[in-house]
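Novice: This is the feature table in TrEMBL:
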- B:1-25: region 'Disordered' (REGION)
- B:31-55: transmembrane segment (TRANSMEM)
- B:75-101: transmembrane segment (TRANSMEM)
- B:75-276: domain 'ABC transmembrane type-1' (DOMAIN)
- B:113-134: transmembrane segment (TRANSMEM)
- B:154-175: transmembrane segment (TRANSMEM)
- B:204-224: transmembrane segment (TRANSMEM)
- B:259-278: transmembrane segment (TRANSMEM)
Amino acid sequence: MFRRLFARRVVTALLALTLAAALSGCGSGDPATSAAATSGGAGTLTVFAAASLTGTFTELGKAFEAAHPGTKVTFNFGSSATLAQQIVQGAPADVFAAASPATMKTVTDASLASGPVTFTRNRLQIAVPAGNPAKVDDLADLADPRVKVALCAEQVPCGAAAVKALDAAGLKVTPVTLEQDVKATLTKVELGEVDAALVYRTDVIASAGKVRGVDFPEAGKAVNDYPIAALTKAPAGPAAQRFVDLVLSRQGRDALTGAGFEAP
Amino acid sequence: MRPSETTTGRGGARPRPGRPGRPSDGVAGRLPWVLVVPAVAGMVFLVLPPAGLLIRAPWPTLLERLGEPQVLEALRLSLVTATIATLVCLLLGVPLAWLLARVSFPGRRLVRALITVPLVLPPVVGGVALLLVLGRRGLVGQWLEQAFGFSLPFSTAGVVVAEAFVAMPFLVISVEGALRAADLRFEEAAATLGASRWTVFRRVTLPLVAPGIMAGAVLCWARALGEFGATITFAGNFPGRTQTMPLAVYLALETEPEAAIVLSLVLLAVSVVILAGLRDRWVTGP
């Protein structure tokens, strides 16, 4: 009897564990949860920025904190489209820096920002794994059916730019996967699961040698403009515009070009 | 009044004829608020978010969006892969659960803990782990590619692998629970009558824990159907080949939240219909 009872308790405990795990597991795909982590308080500036800006903006955030003692800068990096949706849904953001005018338009259309300024530009590059196993030298190689290619999904800026570049070259590429953001696309190259991918030049530089970048002339036809704007309902008030000014300053521009971005 | 005739009071706890072992609803008396209040709160908590989907659904354009070939393709792929993943889980998971419940071997506790790891692992991490083992340059995948020219990532088979990896622990835990709760005396009786362990498993154990297996399979199927993180990481996202409904929902959310709501509703409706159908057929009994 005792054994039965004990066994039943184990089962109950396991069921509880299962439920707990299921709850935690289901949350990981939800883009809305990350917004909750970045609620701003007094003296806090919350910046929503495209994933490709992670390195540069973290650096600029530290510079901003040094110049404005008492202010803490927190970031929410992610796919610009997701960030735009989060802002429209009422996420407490002060500044939005997007990787495409289209995603910024989502926010300006909702009257949550006005007068966005293009602060930098990014161009695509072909990323290949170390050793370049499929010998990819130019964009036309991606159309070879033996070459496994990863692209960003068309819904996100890097995917839209990839489509533009491929159209400009008159190429039809059948990728094996359409990834949800540029970092996921790059990861597939880093792990060697694909032979090539179209990502931003800055991502190749940030990968610190794990992937190699191959330039291609058609990239010039699909350069992404990055707009930035202080949000009209910014909880941090004028500090939001001060951060935008820092990004637009000489210091901001230097940080961006150092990471592989181009001047607007 | 003889105790056997009472339907109220403490005597009412006896099982109803024809439904042995089921919790009886014959216990009368005041409902304890300590249980009812959290129960209702729990119900509201679980039912409210799906209800939100219904409220925000773009009803006028619903039918038009449902007709889009990509939606049907993603739905078909989701149903097919979740079902195959469940079959795989049954084939591997039921014997595993039996091993854990009926055979004592050194390290059993450790094995039991290890097989629940996919439950606590964030699914995206699970996907990366699968890539590192079964990917083109992975420990096993490398060999698969060289020997058979076959690679799992970015294929429909990869979706099944990702879903089975995440969902199998649900099945194993439920079946093991059912096995441990089952009365051992039936199996012992069969064994004393000369049945081999395989015969005992087939003729006694399996029928005995069939409801537990069914419940586990339903849990497993539901988890596989909703799988997102491991799938997009391991199998990628390509319409018609690896883009299941949750992936389609996620990408639709990037640009068209309304389309995402429609897709979610479709997935919700189909899974509720199937699960409700199965429940009536299997879990509650005739």
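Placement of Cβ uses the backbone N, Cα and C atoms for every residue, glycine included.
Not measured: the values here are computed from a predicted model.
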Novice: For the transmembrane segment (B:154-175) and the transmembrane segment (B:31-55), check the count of CB pairs under 8 Å (sequence separation 6 or more) and say whether it reaches 3 or more.
Specialist: no
Novice: Count, for each of B:75-101, B:204-224, B:259-278, the Cβ pairs lying under 8 Å from the transmembrane segment (B:31-55), and report the range with the highest count.
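Specialist: Top-ranked stretch among B:75-101, B:204-224, B:259-278: B:259-278.
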Novice: When you scan the chain for residues with a C-beta under 8 Å from the transmembrane segment (B:204-224), skipping those not six or more beyond its ends, what do you find?
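Specialist: 81-83, 85-86, 89-90, 93-94, 97-98, 102, 163-164, 166-168, 170-175, 177-179, 181-183, 186-187, 190, 195, 271, 275, 278-279, 282-283, 285.
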Novice: Quick test of the contact rule: Cβ under 8 Å, at least six residues beyond the ends. What residues does that give for the transmembrane segment (B:259-278)?
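Specialist: Contacts of the transmembrane segment (B:259-278) (Cβ under 8 Å, skipping residues fewer than 6 from its ends): 50, 53-54, 56-58, 61-62, 65-66, 71, 74-75, 78-79, 214, 218, 222, 225-226, 245-246, 248-250, 252-253.
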